[in-house]
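A.B. asks: Sending over a structure as structure tokens; questions will come in a sec.
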Amino acid sequence: MTAATLAPPAAASHRSAYLLLVLAALFWSGNFVLARAMHAAIPPFTLAFARWGIALLVLLPLGLKPMLAERALWRPHWRRIVVLALLGITGFNSLVYVGLHSTSATNGVLLNSFIPILIVALGALGFGLKVGVRQALAITVSFVGVVTIVAHGEPARLLALQLNPGDALVFAAMVCWALYTLLLRAVPPAIDRVGLLTLLVALGLIALLPFCAWEWSRGATVRLDAATLSTFAYMGTLPSVAAYYFYNFGVARVGAARAGTFIHLMPAFGALLSTLWLGEAIAAYHLAGIGLILAGVALATRAARR
């Protein structure tokens, strides 16, 4: 039996990637909601360091062996891998957590929705990314869905949004993630994805250490109670280990622009999680926005099959 007969059909591979990208968006939505809810209890760099420290403990039994075994594969790409760690592990998460200390969850969700647009714009400018009309339409439709949720179905509400320094930090985080997504495409697919993620997390933690030490030198404290420990446990597993692996897999299978479109599912999941966790009611504008987001994602997946 040859390797070719063991390979999954392209359609099945794409379906698996789409499912994993949906789950990644779900897990990241929970991370976003919890980061905002716990911002008064956990300093931002401490939260990032604890999250990735737990993630590394989970990953080491799974990823250390392939990481060491494939040194010959990833060593020629070590500069790119270091940049990926700084962008996707250190920079993105730290900027989001610091930014959420001084901006609203609404602003954060709206800024997060720019990621697919940034992927396309930066990809076209500097990475040779080509996006078809159908893919561009898919991103536009899902973005309108995000705006519908953020504006509560009233576009005039967007004019009342107040911008602050936290918004600039969150937007910088979105640029980091767009660049991470685009650079990830050039990592050879032969490199084991769990081993790669283990390496990225280890490098990202090293870069986070001085920021965390600086934060504690200024008197930072953490209230260790059930809520804090539960937050650490969740953030160190599902949004970190699972979601990053799923997203990296999705980018490798369906491309950067198409994978980025699934990030627009986060406001939809955020609304559902707020209903489950915070008792908030689902309004008509939620349903309209979710419908548009799903239509955009469906259009993106149809574009992949053509």
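Positions of Cβ are set from backbone N, Cα and C atoms, glycine also.
Given the structure is predicted, the values throughout are model-derived calculations rather than measurements.
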A.B. asks: Which range, 28-45, 136-153, does TrEMBL list as transmembrane segment?
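C.D. replies: Checking TrEMBL against the ranges 28-45, 136-153, the transmembrane segment one is 136-153.
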A.B. asks: Can you tell me which of 50-69, 136-153, 168-187, 228-247 gets the most C-beta pairs within less than 8 Å of the transmembrane segment (81-98)?
C.D. replies: 168-187
A.B. asks: I'm checking region-level scores; what's the whole-number mean pLDDT for the domain 'EamA' (165-301)?
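C.D. replies: Residues in the domain 'EamA' (165-301) carry a mean pLDDT of 89 in this prediction.
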A.B. asks: Sort the residues of the domain 'EamA' (16-150) into helix, strand and coil with DSSP and give the three counts.
C.D. replies: 115 helix, 0 strand, 20 coil
A.B. asks: Can you work out whether the transmembrane segment (50-69) touches the transmembrane segment (194-216), with the criterion being 3+ CB pairs under 8 Å where the paired residues are 6 or more apart along the chain?
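C.D. replies: Contact criterion met.
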A.B. asks: With DSSP, how much of the domain 'EamA' (165-301) is helix, how much strand and how much coil, in residues?
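C.D. replies: Looking at the domain 'EamA' (165-301) with DSSP, the answer is 113 helix, 0 strand, 24 coil.
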